[in-house]
Structure formats: structure tokens, C-alpha cells
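Read through the structure below, which is laid out as C-alpha cells, and then see the notes.
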Amino acid sequence: MAIRPKLLTEYVGQPHVREQMEIFIQAAKQRGDALDHLLIFGPPGLGKTTLANIVANEMGVNLRTTSGPVLEKAGDLAAMLTNLEPHDVLFIDEIHRLSPVVEEILYPAMEDYQLDIMIGEGPAARSIKLDLPPFTLVGATTRAGSLTSPLRDRFGIVQRLEFYQVADLEHIVSRSANCLGLDLSTDGAHEVARRARGTPRIAKPPAAPRARLCRSTCQRGDQWRSGHAGVGYAERRCGRFRLYGPQAVAGDHRQIYRWPGGVG
């Protein structure tokens, strides 16, 4: 079992997103079409990349991944678009950071599955159109308000990810521990989840250091010989990672729940 969910049935939390995406994906598969273009926005660490992977897996297609800052020139995006197969998913993280030149290439690609390319320079320059296979663009951003209206309006599906409930985070933490072969008690998982500020990315990182710690301490034959972590251990470990609980917001160095420039 992988730590990250691969299908919607394994996806924990975000019930409104899961329910809507099940409908959209099922409808696209029944029509035999590519899924409509999808925009995912929300604070960092809530699973935008995970959801893009799930969409590709559910549709049974390839996932091509890039990010806004990487696509510096129109040719960079054109190379990715021309290598897509029918119904593939192209995932662009930080899509709000696309340059205007690259963004303009996306408009006809999203709308008409066509690529406009300029050949030559000056008065002799001419435009040629290349047909693209139907594909799904999945854009992810923490700043939906920074997207231009022409780009934002071309997404047929828009999903906002919300902060997770403690019960959902507890399930995610327990799943991660099981995948790593660790014995984490229910109380221990709850303690980690309670301090994660609604963010899976915060909830999961302590698992890997704990794995190293438990294995090394088990070899030394001390009190963690059994490899079992309860609430007391979780409290100490969270303290070491400076995850002090919901009331200690100012003291937490990982305030990723705040969006630069405001929400959306």
C-alpha cells in the first residue's frame, strides 16, 4: 500500500471534492472524452499534486508534470503539449507563475486543442496551427486570485481544497505509519493529527524520522524495543518538530496555512 492514495476510494477528506470528481470522471469515461480542464487551489500541503495523480489514475492515462516557473518559453510548453497522448493529464503546479507569453499558448490549446506556432521573424513570420490530442490540463495554485481571467475562465472544473478535520488527519497519519511498518497507537496518531493545523504535509513528515529513530533504538534494546509509539511518544516527537498544537500558532515556524497576498 502506497502512502499517497492512488484512487478516489482511497482519498481521505475533502468530501465535496471527492463526490464531485467522481461524477465528472465517470461522465467523461462514459462519453469517451478527456476530462474537462481542472483548476485546484488552496493553501500549500493539502494534496493538490495527489489529486492530480488520482485524476490520471482514475482516467487510466499518463500524467505529465511541470510547473509555472519551469515553463520559461513558449517552446517549453509546446514541447510538452505535442508529446501528449489522447486524454493525457498535463499537471502544471504554481500555474499562477506562468509568463504571459506561455499563457497565451495555452488558450487555443485548452479551448480548441490546437497549438499556434510562429515560424520565422519579422515581416516573413507566419503562424501555423498544429492539432493536439484531447487532453486535460490540471492547474494547481495557492493564489487563485493571481490567475488572469482568460486563463481562469477556461477551466471547466474548479475545486478548492479546505483544511482537513482532525479525524481525517488521524486516518492519514495511521495509514502512513502502516505503510512504513510502524506501530503507532490511536492516541498517538490523534496527537500528531491534532497538531497538524489541518495540513497533511505537516502531519506526515514526522513518520520518516520516527522510523529511523525506532529502528536505531530497537537495535540498542532500550524502552522502544517493541517499536510501539503511544500518545506520550507522539507528544515528545511533535515537540521536537515544533508542532505545539492549535493554540500555539505564533510559535510554529511552519505557518503554511497563510496565503501570501490573501486567499484566492
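The backbone N, Cα and C atoms fix where each Cβ goes, glycine too.
Noted in TrEMBL for the protein shown:
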- I3, R4, G45, K48, T49, T50, E111, D112, Y113, R154, Y164, R201: ATP binding site (BINDING)
- 34-161: domain 'AAA+ ATPase' (DOMAIN)
- T49: Mg(2+) binding site (BINDING)
Segment-level pLDDT (mean, integer) for the domain 'AAA+ ATPase' (34-161): 94
Tally of DSSP helical, extended and coil residues in the domain 'AAA+ ATPase' (34-161): 50 helix, 36 strand, 42 coil
Cβ neighbours of E111 (ATP binding site) where a neighbour is any other Cβ within 10 Å: 11
Fewest-neighbour residue among binding-site residues, criterion Cβ within 10 Å, set Y113, Y164: Y113
Cβ neighbours of T49 (ATP binding site) where a neighbour is any other Cβ within 10 Å: 16
Chain-internal residues near I3 (ATP binding site), provided their CB is under 8 angstroms and they sit 6+ positions away: R175, S176, C179, L180, K204
